[in-house]
Amino acid sequence: MLKIILPTIMLLPMTLLSPAKFLWTNTTSHSLLIATISLHWLSPTYYPYKSSTQWTGLDQISSPLMVLSCWLLPLMIMASQNHLQHNPTTRKRTFTATLIMVQPFILLAFAATELALFYIAFEATLIPTLILITRWGNQPERLTAGIYLLFYTLISSLPLLISILHLYTKTGTLHLAMIKLTPPTLNTSWADLLSGLALLTAFMVKAPLYGLHLWLPKAHVEAPIAGSMLLAALLLKLGGYGIMRITPLLSPLPAHLHYPFLTMALWGALMTSSICMRQTDLKSLIAYSSVSHMGLVVAASTIQTPWAFSGAMLLMISHGLTSSMLFCLANTNYERTHSRTLLLTRGLQPLLPLMSTWWLMANLTNMALPPTTNLMAELTIMVTLFNWSQLTIILTGTATLLTAAYTLFMLLTTQRGPLPTHITSLQNSSTREHLLMTLHILPLLLLITKPELISGAPL
């Protein structure tokens, strides 16, 4: 545990002290080293917790997410290099330091075996994200986006704190391993029902569930590229992870507690997919597609079968990499044309032929084409939902159809069609961008050869 967390914290003095010439080189190489070392967490184990200390421990659910968050830090630093090019050195340092500050908190949140520590880390990730959005966003609307993010998170997480304290007064412990050993703590009384609702709502807002999702498109559109990658790939996963951790404590979930969440999640997958079909803004389209994918995760983790959990885990990891890659691609377009509007960035294939290969790969992954882990995850989740109730196949099937439709719509509008008249010359795609895309797509293609590493099933 510490051999990852301590070097991550030591990245901060490195950012602040390394000479301006070597700032990017040092931080990127150091964080890539940390990411490489963190891969040993994926090794299978028969123990419930590996590398456990008193308050933290890794099991099959948290280790893939930990590795994902370590893996994305160097990618975020690499993606931000271009738009920070002309900034003064101090500003570059503060930006990288803000990015690095999120990292220990995310790692703590995923590894915590104790609910109070989990809550603190869960809330602490909000502050650097807020700084990223409200300071380095592109438009003045970034302030409203920041306010949306702040208030949605705060309003939902105060009840979470209260219900964690309520749980503590009832059981006398907040340690997850201990809570599992005590008999089901929350029974059917109204207080316990409200407590379960409060526990779930905070994570549903973070996940986001359709209906509580309005902060997400705003935050994504206004955030700089690193902020978008951080939000899509890691902070949404905090919500899904929280649901997967909390629901077994409420087992079995009372029907009138999980029916609304399930219907909203499935209906939301359908609705957000159809909203994507008529988006004009590229980043907003990718943000709404995140909502529909995470809707499937929420639906699966409220059912609480082993298949559902492993499907949700697979989908979280593969969606983290895919949507992060899509945001990077959207950013490369934005840096060249300075517009996120789909109509103004058409027909880029003849100008950037290699980039359109990446676009094709990312979009096919987002559509869940075989042989990607996205397909495996969506199939697992659909089979679970179908097994739970046959009617869900109508919703999930339509959502899949619409996903394919808007993904192809995005691919065709950005790559094909007539070139807009105002685009006369574009700079070429750089090696840095190709490396960035490779590091996103390579894990996805490699993981399908051994998906049980990330499926969350005890091996």
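Cβ coordinates are placed from backbone N, Cα and C, and glycine is handled just like the others.
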Completion exercise
Per TrEMBL, the transmembrane segment among 57-75, 285-303 spans residues 285-303
Problem - Which range of 1-22, 309-330 is transmembrane segment, per TrEMBL - result: 309-330
Fill in the blank from the handout: The predicted model's mean pLDDT over the domain 'NADH:ubiquinone oxidoreductase chain 4 N-terminal' (1-108) is 93
Handout entry: Contact yes or no, the transmembrane segment (94-112) and the transmembrane segment (189-212), 3+ Cβ pairs under 8 Å, gap 6+
Key = no
Handout entry: Stretch-level contact, the transmembrane segment (224-244) and the transmembrane segment (285-303), CB cutoff 8 A, at least 3 pairs
Key = yes
Fill in the blank from the handout: Here the stretch out of 189-212, 256-273, 309-330 with the most C-beta pairs under 8 Å to the transmembrane segment (285-303) is 256-273
